[in-house]
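Taken verbatim from Swiss-Prot:
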BINDING   Glu134, His274, Glu362  Mg(2+) 1 binding site
BINDING   Glu136, Glu217, Glu225  Mg(2+) 2 binding site
BINDING   Glu212, Asn276, Met277, Ser278, Arg344, Arg349, Lys357  ATP binding site
BINDING   Asn269, Gly270, Arg326, Glu332, Arg344, Arg364  L-glutamate binding site
DOMAIN    17-101  domain 'GS beta-grasp'
DOMAIN    109-472  domain 'GS catalytic'
MOD_RES   Tyr402  O-AMP-tyrosine
Amino acid sequence: MPNANAIANVFKLIEENNVKFVLLRFTDIKGKEHGVSIPVSLVDEDMFEDGKMFDGSSVEGWKTINKADMLLMPMAETAIVDPFAQIPTLSIRCSVYEPTTMQSYDRDPRSIAIRAENYMRSTGIADQAFFGPEPEFFLFDDVRFNVSMNKASFSIDDIEAAWNTNKKYEEGNNAYRPLKKGGYCAVAPIDSAHDIRSEMCLILEEMGLVIEAHHHEVATAGQNEIATKFNTLTLKADETQIYKHVVQNVALEHGKTACFMPKPITGDNGSGMHCNMSLSKDGKNIFQGDKYAGLSETALYYIGGIIKHAKALNAFTNPSTNSYKRLVPGYEAPVLLAYSASNRSASIRIPAVTNPKAIRVEARFPDPLANPYLAFAALLMAGLDGVVNKIHPGDAMDKNLYDLPPEELKDIPAVASSLEEALNSLEKDYEFLTQGGVFAKDFIDAFISIKRKEVERLNMAPHPVEFEMYYA
């Protein structure tokens, strides 16, 4: 049933902010946001019970044209004033429902996230799953690309880019920029985006997110990170969509363009989205214990589930062909499926904490192109499978995995090396996702089909590097 207090708050926000339109936002399979704007005169309490009809056949991977009608079901508790709309607009996040049954749609990512949380509670293992993602992004000055029968090119430029040390600017080249792999926690004047990130943080706070820190990241050409406080799974996925919305729009206001691709530039670090996770029951962190690095047995089993299902998980946590250009040795990307305390070369890390109650597990392979609803839900389901089936991850690996000799490396499993491998793995290893009806098999098949088209398109396209290697 709709939350009466939350609905009352919607009308309070409308009155206090002179709102003219209500924007109903929803997320598709690929993680892209869509929206339908409603004049405020048509917004009433019934809307939160009856929903708003829309054409599901126009969203890739959803309905066919002969069965197109679907419902946007507004979640009143997510209502927030959009700070970027010139006409006062209230945004409300929606789940997607079937109008014939008034049940959540099995291909709606937000509904999948909710079902994952409900399934977790039904197992009795935990009543809350906390997620703290760390999406990194680039801020570029200029991005161009061209794909046609006889051309394939892209061009990126930014005032901070290391390749601009010899560029002539009308106002002169001040030479303050991070060189390759030289940007981590840089300060002004090398960090040119400090005030832009600060503005992003202030707006994110206005929209309900809790900011923990922001800083320049490792790569040249304007790589950044804003750290926000954890939240429960679905709410944190909502917040991740808000995060991207704010980053992109503030960047635009400053003449920049924000890029969440994992590997937009060659030869420097890519952008990840490390995911911190913990489970709570009756208000207690059940990952806290007396095993390795202060973990509980439950936490170790959770890690075991993620490692076991990692290649299938990659389809959701690293859902682009570009993702696997980041997941290569040499750029601080976690390729090997091992766990360790504070060891950033492992794909599963147990961060150091000053308070044992804050103990958590960090999956380091996800990237910011992941649909947060699907990625978080899939990670939770893999972890729960580990707990239910007592999948122990084996011994921790505390050594630098990047420096291991070949004879040791061969015994350590790795993440998928391509989107195609990840999809093949998901095709074979999916039953952990369908427990409790969280991910429908029909949805998994649709997701694989959509992503295979992306793989096929890239496989069929000649690449400029091929001309460099093979033309003459």
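Each Cβ is built from the backbone N, Cα and C atoms, and glycine gets one as well.
Because the structure is a prediction, the values reported are computed rather than measured.
Overlay of Swiss-Prot feature records on the structure.
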{"residue": "Glu136", "record": "Mg(2+) 2 binding site", "DSSP class": "strand"}
{"residue": "Glu212", "record": "ATP binding site", "DSSP class": "strand"}
{"residue": "Glu217", "record": "Mg(2+) 2 binding site", "DSSP class": "coil"}
{"residue": "His274", "record": "Mg(2+) 1 binding site", "DSSP class": "strand"}
{"residue": "Arg344", "record": "ATP binding site", "DSSP class": "coil"}
{"residue": "Arg349", "record": "ATP binding site", "DSSP class": "strand"}
{"residue": "Glu362", "record": "Mg(2+) 1 binding site", "DSSP class": "strand"}
{"residue": "Tyr402", "record": "O-AMP-tyrosine", "DSSP class": "helix"}
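Between the alpha carbons (Cα) of Arg364 (L-glutamate binding site) and Lys357 (ATP binding site) lies a span of roughly 21 Å. Each residue contributes its Cα atom, and for Ser278 (ATP binding site) and Glu362 (Mg(2+) 1 binding site) those atoms are 9 Å apart.
The recorded positions recorded for this entry are Glu134, His274, Tyr402, and the Cα of His274 lies nearest to that of Arg349 (ATP binding site).
Taken through DSSP, the domain 'GS beta-grasp' (17-101) splits into 16 helix, 36 strand, 33 coil. Restricting the recorded positions Glu134, Glu136, Gly270, His274, Tyr402 to those with a CA within 10 Å of the CA of Glu212 (ATP binding site) leaves an empty set. Separation of the C-alpha atoms of Asn276 (ATP binding site) and Tyr402 (O-AMP-tyrosine): 22 Å, rounded to the nearest whole number. Of all the binding-site residues given, namely Glu134, Glu136, Glu212, Glu225, Glu362, the one with the smallest number of surrounding CB atoms inside 10 A is Glu212. Closest to the residue listed as 'O-AMP-tyrosine' in space, going by CA atoms and restricting to the binding-site residues Glu134, Glu225, Asn269, Lys357, is Asn269.
Across the domain 'GS beta-grasp' (17-101), the prediction's mean pLDDT works out to 92. Counting only same-chain residues six or more apart in sequence, the Cβ atoms lying under 8 angstroms from the Cβ of Met277 (ATP binding site) belong to Ala129, Phe130, Phe131, Gly132, Tyr302, Arg360, Val361, Glu362, Ala363, Leu379, Leu380, Gly383. The C-beta environment of Arg326 (L-glutamate binding site), restricted to residues of the same chain at least 6 apart in sequence and closer than 8 Å, consists of Pro262, Lys263, Gly270, Ser271, Gly272, Asn318, Ala333, Asp367.
The Cβ of Glu217 (Mg(2+) 2 binding site) has 20 neighbouring Cβ atoms from other residues within 10 Å, across all protein chains displayed. Taking the C-alpha positions, the distance from His274 (Mg(2+) 1 binding site) to Glu136 (Mg(2+) 2 binding site) comes to 9 Å.
Taking the C-alpha positions, the distance from Asn269 (L-glutamate binding site) to Arg344 (ATP binding site) comes to 14 Å. If you measure from the Cα atom of Glu225 (Mg(2+) 2 binding site) to that of Glu134 (Mg(2+) 1 binding site), you get 7 Å.
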